[in-house]
Amino acid sequence: MSKILVLNGPNLNLLGQREPAVYGSTTLADLEQLCRDAGARLGVEVECRQSNHEGVLIDALHEAGRAVKAGTLLGVVFNPAAYSHSSVALFDAIKGAEVPVIEVHISNVHAREAFRHHSYVSAAAAGIVVGFGVDGYRLAIEGLVRQRRG
Ligand code: DQA
């Protein structure tokens, strides 16, 4: 069975209680279950991780790159959260690890503050899903499977 990593960045552990008008009432645990269910429908195992630390996210991307090369992982569905707008290191990690990444944002970042309009990750991403709420993760999982399985 093929596998996908769903990787969530800083503050996404607060989903459900964090600015519900922007991010909705789904908790991270609910979201991760949604992802596992979406994967199961496609015959794909979904592993979920969340970290508030940039270096931990970078290490996870490197590990994912190795797994993709070994043929045990299809790629990563990644919400880099606020690091999207600041992290050249995440861009470099995706490029360096040569890992297929679908970038997800729950909210429509382009309809929000100007500092959210640019993402360093987008230029390294194989696809981007923005503004569909938590359903964007399901769309990203489906898109990644289609891209990778052809
Ligand atoms: C976010 C958008 C980012 O701008 C923000 O910093 C987040 C969440 C989203 O999913 O909409 O933490 O990535």
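Placement of Cβ uses the backbone N, Cα and C atoms for every residue, glycine included.
The Cβ of R18 (site 'Transition state stabilizer') lies under 8 Å from the Cβ of N11, each of these being in the same chain and 6 or more residues away along the sequence. Residues annotated as site 'Transition state stabilizer' in TrEMBL: R18.
Among the features that TrEMBL reports, active site, proton acceptor is placed at Y23. Y23 (active site, proton acceptor) has a Cβ environment of 19 other Cβ atoms inside 10 Å.
Within 10 Å of the C-beta of D92 (substrate binding site) we count 14 further C-beta atoms, all protein chains included. The substrate binding site annotation in TrEMBL covers N79, H85, D92, I106, S107, R116.
Classification of H105 (active site, proton donor) by DSSP places it within a strand. Residues or ranges marked as active site, proton donor by TrEMBL: H105.
Checked against ligand 1, the recorded positions R18, D92, S107 give S107 in sequence order as having a Cβ less than 6 Å away from one of its atoms.
In this structure, R18 (site 'Transition state stabilizer') belongs to neither helix nor strand by DSSP; it is coil. Taking all protein chains in view, 16 other C-beta atoms sit within 10 angstroms of the C-beta of R116 (substrate binding site). The C-beta environment of H105 (active site, proton donor), restricted to residues of the same chain at least 6 apart in sequence and closer than 8 Å, consists of N79, S84, S119, I128, V129, V130, G131, G136.
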